[in-house]
Every structure is written in structure tokens, then in C-alpha cells.
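Trainee: Below is a structure I'd like to ask you about.
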């Protein structure tokens, strides 16, 4: 028999010294990250000369970075500005799954990008035949499938745990 709370109270930002400076810095950094990643994705999407495996890997990394930062930072900013520090249990699970999934995808995306550069450096004459757009889509799809499924078990097992301690 497990005990599940209705949610949790986030108290870290309110108890931190100079938290307003931290939140302002975090907000500015978040806005810059979002704008730069969207600009990068838009440039790659609209310029058909950039539809090559190298830029597919770069765009993949930008999307992962965009979702990773969006899964955590806006909630922290809302908690500080609105002063509503209660997070429902299910929303906490969704946020945790999203954050950890994309956190695990980021090194995989860097590996995909380094794989593409490895092929370009070691096999410059055969690069176009080894690393095609179709192969890059398969590699990226496999990484995303792995990232989404590997953390599904961990997140789905959390509701079976019993929470009897503090909700802060």
C-alpha cells in the first residue's frame, strides 16, 4: 500500500539569499537560449543547402537543448514570480521524465554530431556515401527512442513508492 501526496512545495528559491538576482539572471539566460536555438533551427529549416547530415545533427542538438531548458526553467521562474510554490504530484512526474529524458539525450546528440565529424575527417571522399540523410535520420531516431524508453521505467516506478516524509 503506497502513500502518494497531492504534490510538493518548492522552498529552495524562497530560502536562497539574493534569489531575485539569480532569477533575473536565469530569465535572461533562458530567453537568450530560446531565441538562439529557434533562430538556428529556423535557419537550418529554411535553407535547403543545409539539409545535410551535419546540420541535421546540429538541429537535433538545438531541439534537445530547447526542450531541456524549457522543461525546467519556466517552472522555476513561475514559482518565484507568482509565489505559488506548490507542484502537483503528476506534474512533478511529467517534468521529471521530460527533464531526465532530454538530459540523457544531450550527450547522445553530441555523440551523433561527433560521429558525423569523425566520418568527415577520416573518410572525406566517402563521406556522402557513408553518412546519408536517411542514415542520420535512423541514428537520430534510435537515439530518441532509446532516450524516451530508458527513463520510462524509472519514472513509471515512482508512483509505486510510498512518500511518508516531508513534502518540501
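Here the Cβ of each residue, glycine as well, is placed from N, Cα and C on the backbone.
All TrEMBL annotations are machine predictions without curation.
Remember, it's a predicted structure, so these values are computed and weren't measured experimentally.
Sharing the record's features from TrEMBL:
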- 21-46: transmembrane segment (TRANSMEM)
- 36-168: domain 'G-protein coupled receptors family 1 profile' (DOMAIN)
- 58-77: transmembrane segment (TRANSMEM)
- 97-115: transmembrane segment (TRANSMEM)
- 136-154: transmembrane segment (TRANSMEM)
Trainee: In the same chain, who gets a Cβ under 8 Å from the transmembrane segment (58-77) while lying at least 6 residues past its ends?
Mentor: 13, 23, 26-27, 30, 33-34, 37-38, 40-41, 44-45, 87, 95, 98-99, 102-103, 105-106, 109-110, 112-113, 140
Trainee: Reported in the order helix, strand, coil, what are the DSSP residue counts of the domain 'G-protein coupled receptors family 1 profile' (36-168)?
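Mentor: Across the domain 'G-protein coupled receptors family 1 profile' (36-168), DSSP assigns the residues as follows: 108 helix, 3 strand, 22 coil.
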